[in-house]
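This report refers to the structure that appears directly beneath it.
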Amino acid sequence: MSSDDSDRALSLETSVPPILSQELSTQAPHMAAPPVSVEHDPLAWPAAQKWIVTAALSISGFNRIIVSTIMAPALPTIASELDLTSTQSLSALSAFVLATAFSPLLAGPLSEVYGRAPVLHITNIWFLAFNIACGFVNTGAGLIASRTLAGFGAGAIYALASGVLGDLWPPEMRGTTISIYLLVPLLGAAVGPIIGGYVEQYTTWRWIFWSTSIVQALTVGICFVCFRETHRQTLESKANNPSSKWKIPAFPRHLLWKSISVPPKQLALYRSVQLQAILSGFGYGILYLLLSTYSSLFTDRYNQSASISGLHYIAICLGEIIGSQIGGRLMDYLGRKAKQMARSDRFEPEYHLPIIFPGAVAAAIGFLLYGWAADRHLHWIIVDLGALILSLGTQMTGQGLQAYNMDTYPDSRASTSAAVQVFRSMGAFALPLAGPKMFASLGYGWSNTLLGLVYLGGQVGATAFLWKKGKGLRGVSELIPLQAL
């Protein structure tokens, strides 16, 4: 084995970000990993135990997705009561998503220092506290501030999910496990606006936040009972020092700072991470553009009530669920075929990418059908069918990118996921703000045609580039010292 291979194996063995591995071995020799037992290796846990942890994480993501979209049907009422313009009310909706760009930058590295469980529990409680506060505000500024702080707590899940799923499951099962993990959160994309429409129509918009806070309180309890630490280095450290089981361990300040600085440095230096971030950001922005404008399409152009317009989100939800279940299994199948064709014993991250091609084509078809059906004021079921196909395609491409992201740098996957999440959240914040003006100037037909062409060309072109050059980019990145910035 070459010296480079040995270094990489050591980094994978300890599950410490590469920037910290050498310093930890010299400055904290007591933290060196002993021979790994089954108990301390989550990959070797019984399947039932791994699914319980995965389910707890999935439930935690459910309410966060609901809260991100539940305001959409009630925006006109909230704007009227709090004296907000349409742009300001959209900002209150999007502020939650914008905040999720920044919390993973802390949550990802911290979960690789202190473990996944403390970060999950603390951010769960943080999210609960500020979501409750949203229901009591009396000013637009107060609502935007509370939504931002709630989103900061909610956003941690985006880094934790990649870390926990990567801790528990091998790359060959990445598609299946991601699809099952996403099943519950994706229901939130449809349930949120539906609940929001009925709450706004029959009670007060404040119950949008109070009802979801009740759900979040239950989620906190479930996670305390069912979620188990999955970060292997944390498990080994606690096994060596049983008295620290319920304590957050001390960590050298300069090493902690270097850990937190990993995601922005990866984003600045690693071209593979940069490309993943751009693709994910545009795809996620498209989804939130659809979610934020879908209700108003049916209230304005089809003269439907807020509660009825919210029911159309079922089409988007079905598309995402179907896309996740078909895409996950198809991803694993195509990955196995790619591995066989390469005659390799190692499962390369690029084997996750082929699923993106059919997903991008489906999304482009959905853009055209949804856009021109709405533009020509065709029957609402055709609009819903287009939205279903669109969301199905974007879900398949998103899963392929997420799986690729998880395995590109496996020794710091939570930090890498946090780096990509910056662009995802920025896209989800910015595109919905531009949506109404774009639809007003170009119409639904040409706006969605333009978006579909850009989406198809960008996803296919960038994926082909990663398929051909991705391994080389990762090799070059390993030679770049993150201490350079």
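Quick reminder: no glycine exception, Cβ is built from N, Cα and C everywhere.
Taken verbatim from TrEMBL:
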type     : residues : note
TRANSMEM : 51-75    : transmembrane segment
DOMAIN   : 53-470   : domain 'Major facilitator superfamily (MFS) profile'
TRANSMEM : 87-107   : transmembrane segment
TRANSMEM : 119-138  : transmembrane segment
TRANSMEM : 144-166  : transmembrane segment
TRANSMEM : 178-199  : transmembrane segment
TRANSMEM : 205-227  : transmembrane segment
TRANSMEM : 268-291  : transmembrane segment
TRANSMEM : 311-330  : transmembrane segment
TRANSMEM : 351-372  : transmembrane segment
TRANSMEM : 446-467  : transmembrane segment
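For the domain 'Major facilitator superfamily (MFS) profile' (53-470), the model gives a mean pLDDT of 86. When each of 51-75, 178-199, 351-372, 446-467 is checked for Cβ pairs under 8 Å to the transmembrane segment (119-138), 51-75 comes out on top. Away from its own ends, the transmembrane segment (311-330) comes close to residues 69, 175-180, 182-183, 186-187, 189-194, 197, 290-291, 294-295, 298, 355, 358-359, 362, 366, 380, 383-385, 387-396, 399-400 of its chain (Cβ-Cβ under 8 Å, at least six residues beyond either end).
Same-chain residues lying 6 or more positions outside the transmembrane segment (268-291) and placing a CB less than 8 Å from one of its CB atoms are 69, 72, 94, 97, 189, 193, 313, 316, 363, 387, 390-391, 394, 397-398, 401-402, 404-405, 408-409, 416, 419-420, 422-432, 434-435, 451, 454-455, 458-459, 462-463, 465-466, 470, 473-474, 476-477, 480, 482, 484-485.
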